[in-house]
Every structure is written in C-alpha cells, then in structure tokens.
Amino acid sequence: MCGVLHLRARAQHLEILHRAHVSHAQSRRRSPQPDRVPAGDRAGTRRHLHCGNPGRGTGRPAGDRRRPRIGDGLLGDRRADTHDDKWPHRLITKDERVPGKGEPHVRVTYADIFGGREFRALFVSRALSTIGDYVARVALVITVFAETGSVALMGVTFALTTLPDLFGGPMLAGLADRLPRRAVMVAADLGRALLLLVMAIPGLPLVALWALLAAIRLLDSPFTSAYMSTMSVVLPGKRLVKGSALTQLVNHVSYTIGFAAGGVIVSLTGLSVVLVSNAATFTLSGVVILLGVRTRPATARTGPSLSWLGATRAAIRYVAAHRRLRVIMLFPFPIATTLVCQTLATPYTAQIGHGPAGAGLLMAASTAGIVVGLWIFPLLIPDQRPLHVVVLTIMSCAPLVLFVAVPGMVAAAALMVVSGIALYFWIPLAAEFTQTVPDDMRGQAVGLLTTTMRVTQGTAILIFGLAGQNAMSSTVIATSGAIGTVMVTILSAAWVRASRSLTIAAAPRTAFPNGDAVK
C-alpha cells in the first residue's frame, strides 16, 4: 500500500514539473529573447570575472558556441556602447549582430548623414571656426615676422599655435564629460571670440599676443573633445565613419584655404581686421551650435571623489586595459612619419633642381591626396573591413620608401598623393576608439588621443627636420617611410589579432576617494 502511494505521489510531482516546463517554454516563445553575447566578448568576460549567469560562469548564455569572426567589433557591428542590465559587467552595443546575419544590410549615404539637424549644425560650425582660425594663424605668424624680422620669434609664435594642446588635451578635455557638451562648445567658441577681439587691439606687445594666443589654443581641446563626443551620439555606428570623413574633409579644405589666403588677406586688410573676422566666425559657430544642437546632461560620474587628475588616470587606465584601444592609441606614431615629406618638401625640391613653386606643389599634392581619400573611400567602401584598413595603413607609408630613388617632381607628387589617400584608414579607427570608450569618460579619452596625435607629429617633424640638415632630403624621407611601414605592419597585425580574439569588455570600476578606478 505504501509503495502505491509513493508511486502516485511521484507521478503527481513529475506532472507538476512537466506543466511548469511547458509554461516556461510558451512564455519564452511569446517574449523576445535577448541577443546572444558576441563571440568576441567571451574572452574578455571570462578574463575579468564570472557573472553567475548560465554557461558555467563564463558570462554568456549556455549553448552560445558561435566562433569569433575577424570582423567582430569593427564599425558596423559595434554601434554605440552601453551597459546591459542582464550582463552588467561588460560593454555591449545597440546592435551587435554582424551585417548580413539576422538583419538586412543598410547602406549609409551622405543624404542620411545630412538629414540630421544636429549634424548639419556641427558641420557648419566646424567649417566656420576652422577657416577663420587658420587664416588668423597664418596672418599672425606673417605679421610677427614682418614687424620683427626674426625667424626665432616667428617660430615661437607658430609653436604657440600647437604647444598648448599638449597641456589642454589631458587637463581640459575632461570638461566635455563633466559639463553638458553643448555648453562646453558654445563657451569655448565665445571665449575664443572674446580673446581674438582683445588681440585685435593695435599696439599690444608681442608677449601679450603670445599669452592670448596660448589661451585661445587651450580652449580648443575641450571644444574638440565635446565635438567628437557629441558626434558619436548624433551619428551612431557606421554613420560616424562617414560623418567624421566629411568633417576631416572640411578641415583639410579649410587648412588649404587658410594657408593660401592668409598672407594675401593680411597684406590687403591688416592683422586687426583678420582677427576681428576670426572672432566673428567663432561667434557664428557658437550660435549655430546653440540653435542646432540639442542639450544633453553631463555624462561623467558625479560625486566628491572625482578629481581632475583622477578622471585623467581613470581614462588612461581604461584605455591601457583594453587591447584594441591600446593598439589604436599607437597608430599616431606611423601617421606622424608621413608628415616628413611635407616638412622636407622645400629642401627636396632644391635637391632635384626646382624652386619654391615645386615645394608648394608637393605640399599641395599631399593635402590633395588626403582630401581625395576622405571623399572617395566612404563612397567606394561604405563598410570598412579589417583587410581594407590593413591595406590602407601599409599604403600610407610604403610609397615614401621609393624616395630613395630620388624621383622627379611628377613622380614625387604622385607618391605623396597615394600616401595622402591611404591616410583615410585613420577615420574608421578613430571612430571605433570614440564609440568604444564609455560615454562617461569619452571626452577625456578623445582628448588623450588628440594629444597623442599632436605630440607624435610635432616630435617627428622636429627629429626628421634636424636629420635633414645633415643628410639628403630624399634619404630622410625614405627612412621615415621605412620606419612608418614597419610600425604600421606590426600595429596592423596586432589590431587584427585583437579584432579576431575579443571585443571590448568592461569590468566593474571601483572608485577610490582620490577618483582612481581599478579593474
């Protein structure tokens, strides 16, 4: 009798379990299932901690056996990073599915980019401020040389247009995280406009002009960080690559206009008129941003524990803790070697028997190549893949090695055009860097990347410029190209390995009273 009762109770228990299983399966079919963790995130998630989720502590759903792909994590797969509620210890994206698998492929056009009101405002403001800035920069350098006749004083003036970025990048870029980014951009534009109006006062001593110029350049760092961080929000995913290409296209066209027209304008109107005009362009830029860009709250973590130095260290540690970000942070070094051909354009043209007109042609060839690359590659290759990036990185430096054969003017210009076109590879890498860093420290990280770019460029120009005094220009250019080719080959291989093995995973950050963060 007891055995019969025991069997009946066991049968009832099994029936209850079966009904619960059926009900759970039906509810799963009715509710949408969360996306699987991308294969690239597995290694990073396992490395940091066990999340306690299914899958034996690996931090991913059980049964997810999708193998990592070489394209995982490249732009187009990673859109905009956020922290997932279900998987709180890693960074995910709004859309981590690989294009062509589970979703239709969508091609981003320039019409899509300009269709957004905020991007149009950012685009116009950047064009206005950049053109005015470079015209005034050239006019100021020319005026200092004309009034003093000193090459050294002219060099100090030109250095003050770049050196303040070394301090402004690490220290002031964090304002783009601590304060609303629209307010940072507007305040930086209006502040620079006011300083330019003071510079336009006739009779100011040269030291005062230098101090005002340094202050203007310091305000550029928080503006650039806030601008790029806002771009990453306004243009998520693949749109950021194309939008960044358009922005850089405008920048290089503005450089060309500024350097070409600055001397002519200052000779016709005088320095004061040029500076007032530049102040007007900055004012218009601020007004356009104020009217066209939506205000958003500050993104940095709040609290008394957050300090300036602590926020900078936290951003540095975050970048250093992630392999792909570390690799991207090193690409400015080979990029800097490509600028040597512009630096030595004048002595090289003298070496092959041409005058200043030939030097101008070579400088224009490099800039023209960059502009062409920024224009055609978003059209020809809308979806950049690792192979495209690797080929372009090598082609940016390898043509310069051929200067060892001392090519003529036409051949040298063609090599510089090819090198300039291939420099487009930096656009998707910089966009990937911007989108991967968490939004609460994105401005600070972008400032560090910008500072690295400018420091490496200035250092390369100084080192190879000094080498050009004791060696033939063709040899120095070829050497810089060879060094750059070796560096991009190593970095490209490291970047591909990082893209294949993992995507960025974020462990919880523990804040200490001094603002530091550890993993």
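Using N, Cα and C of the backbone, Cβ positions are placed for all residues, glycine too.
Per TrEMBL, region 'Disordered' is recorded for 21-82.
Residues or ranges marked as compositional bias 'Basic residues' in TrEMBL: 21-31.
Sequence annotations record features per position, and here TrEMBL assigns transmembrane segment to 194-219 (among others). Sequence-distant neighbours of the transmembrane segment (194-219) (same chain, 6+ residues past either end, Cβ-Cβ under 8 Å): 136, 140, 144, 148, 153, 156-157, 160-165, 167-168, 172, 188, 271-272, 275-276, 278-279, 282.
For the transmembrane segment (259-291), the list of distant contacts is 121-122, 124-126, 128-129, 131-140, 142-143, 182, 185-186, 189-190, 192-194, 196-197, 199-202: same-chain residues at least six beyond its ends, Cβ to Cβ under 8 Å. For 259-291 (among others), the entry in TrEMBL reads transmembrane segment.
According to TrEMBL, the transmembrane segment annotation covers 327-345 (among others). Sequence-distant contacts of the transmembrane segment (327-345) (same chain, at least 6 residues past either end, Cβ-Cβ under 8 Å): 319, 359, 362-363, 366, 393, 396-397, 400, 403, 416, 419-420, 423, 426, 429-430, 432-433, 448-449, 452-453, 456-457, 459-461, 464-465, 468, 473, 476-477, 480-481, 483-485, 487-488, 491, 494-495, 498.
TrEMBL lists 357-380 (among others) with the feature transmembrane segment.
Sequence annotations record features per position, and here TrEMBL assigns transmembrane segment to 387-406 (among others).
The transmembrane segment feature in TrEMBL is assigned to 412-433 (among others).
For the transmembrane segment (445-467), same-chain residues at least 6 beyond its ends with a Cβ under 8 Å from one of its own Cβ atoms are 162-163, 165-166, 168-170, 172-174, 176, 221-222, 224-225, 228-229, 312, 315-316, 318-319, 328-329, 332-333, 335-337, 339-340, 343-344, 430, 433-434, 437, 476, 479-480. Annotation comment: TrEMBL describes 445-467 (among others) as transmembrane segment.
Per TrEMBL, the feature transmembrane segment maps to 473-496 (among others).
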